Amino acid sequence: MAEKVNVCIVGSGNWGSAIAKIVGANAAALPEFEERVTMFVYEEMIDGKKLTEIINETHENVKYLKGHKLPTNVVAVPDLVEAAKNADILIFVVPHQFIPNFCKQLLGKIKPNAIAISLIKGFDKAEGGGIDLISHIITRHLKIPCAVLMGANLANEVAEGNFCETTIGCTDKKYGKVLRDLFQANHFRVVVVEDAEAVEVCGALKNIVACGAGFVDGLKLGDNTKAAVIRLGLMEMIRFVDVFYPGSKLSTFFESCGVADLITTCYGGRNRRVSEAFVTSGKTIEDLEKEMLNGQKLQGPPTAEEVNYMLKNKGLEDKFPLFTAIHKICTNQLKPKDLIDCIRNHPEHM
């Protein structure tokens, strides 16, 4: 890429806006990048004014990242194709349910030699059973390579500039450097690995475990029980990758995308928080999303459903009792208090 690299961020929620702070600053500071970074923003009206206009005038996403200034070179664009058409790097950071539709809109409208990177923690149901990784959907639809970025990265803490690490999974070494340059900052340290599938699967599965941690918090079962749920969750994550994505490295689970992300999400993430409220309030997950998340969606429950679909197809539900129980609690087939009985005789204990 001899010419300057154009960057587009597809998405402007809490995490998309937080990452825009880093990407915008790096694009402005580093000579290999075009300074102007476009950010696709789903248009909404806030107090009678368009959200894109507010962002471009005040350099703040007042809906999803209030109190944090975005770099002035990050430009909000309400039209997806317009935002993405000149991009050499497309950063996807939207709820995973939107990806197939967005890809359809972008097909044939982007540079043929562009690359993508997905920051999306979740996956889709494949036709005929199984799981479709978001990076695979993007590559299949857009005919471009897609890396992934996952880690212990709570959006508000990243926006505050607190130190953290992240993992980029990139199977093609030639893209590793430009992606690291784009995301690396003093407070946001990047490790690039080639085991992209395991990196991405970790990012999705940990949201299921975080729901379990939230149920434990809501039931006031204490730190020992929560630690057991986190450990069993990690073991099921490793086993899941082993079964469905053989050839992944165990060492990947010890990167930020694995155990670190699992810990932070089970103590600080929205999946944990809403799951705790699900136990204590008796309200539905849908109602709690509206109340607590400002219209944003949880990734844990739909991911648990997609994973359960896959496990059921292979007759493996009993080998993953934690994932199975969390799915059943999220869909009201079990009560939260039944969680511990479901994992008391975990295969790990046999």
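Our numbering is plain: 1 for the first residue shown, then up by one each step along the chain.
Cβ coordinates are placed from backbone N, Cα and C, and glycine is handled just like the others.
Around Lys206 (active site, proton acceptor), the same-chain residues six or more apart in sequence whose CB sits under 8 Å from its CB are Lys121, Gly233, Met237, Asp261, Leu262, Thr265, Cys266, listed in sequence order. Look at Lys206 (active site, proton acceptor): DSSP puts it in a helix. Among the features that Swiss-Prot reports, active site, proton acceptor is placed at Lys206.
Swiss-Prot lists Gly11, Ser12, Gly13, Asn14, Trp15, Gly16, Phe98, Lys121, Ala155, Arg270, Gln299 with the feature NAD(+) binding site. There are 20 other Cβ atoms within 10 Å of the Cβ belonging to Ala155 (NAD(+) binding site).
Annotation comment: Swiss-Prot describes Lys121, Arg270, Asn271 as substrate binding site. Arg270 (substrate binding site) is surrounded by 23 other CB atoms, counting those within 10 A of its CB over all protein chains shown.
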Problem - Packing count at Asn271 (substrate binding site) (other Cβ atoms within 10 Å of its Cβ) - result: 25
Completion exercise
Rounded Cα distance in angstrom between Trp15 (NAD(+) binding site) and Asn271 (substrate binding site) is 14
Completion exercise
Cβ neighbour count within 10 Å, max among the binding-site residues Trp15, Phe98, goes to Trp15
Exercise for the section: Quick one: pull the CA-CA distance for Gln299 (NAD(+) binding site) versus Asn271 (substrate binding site), whole Å only. Expected result: 7
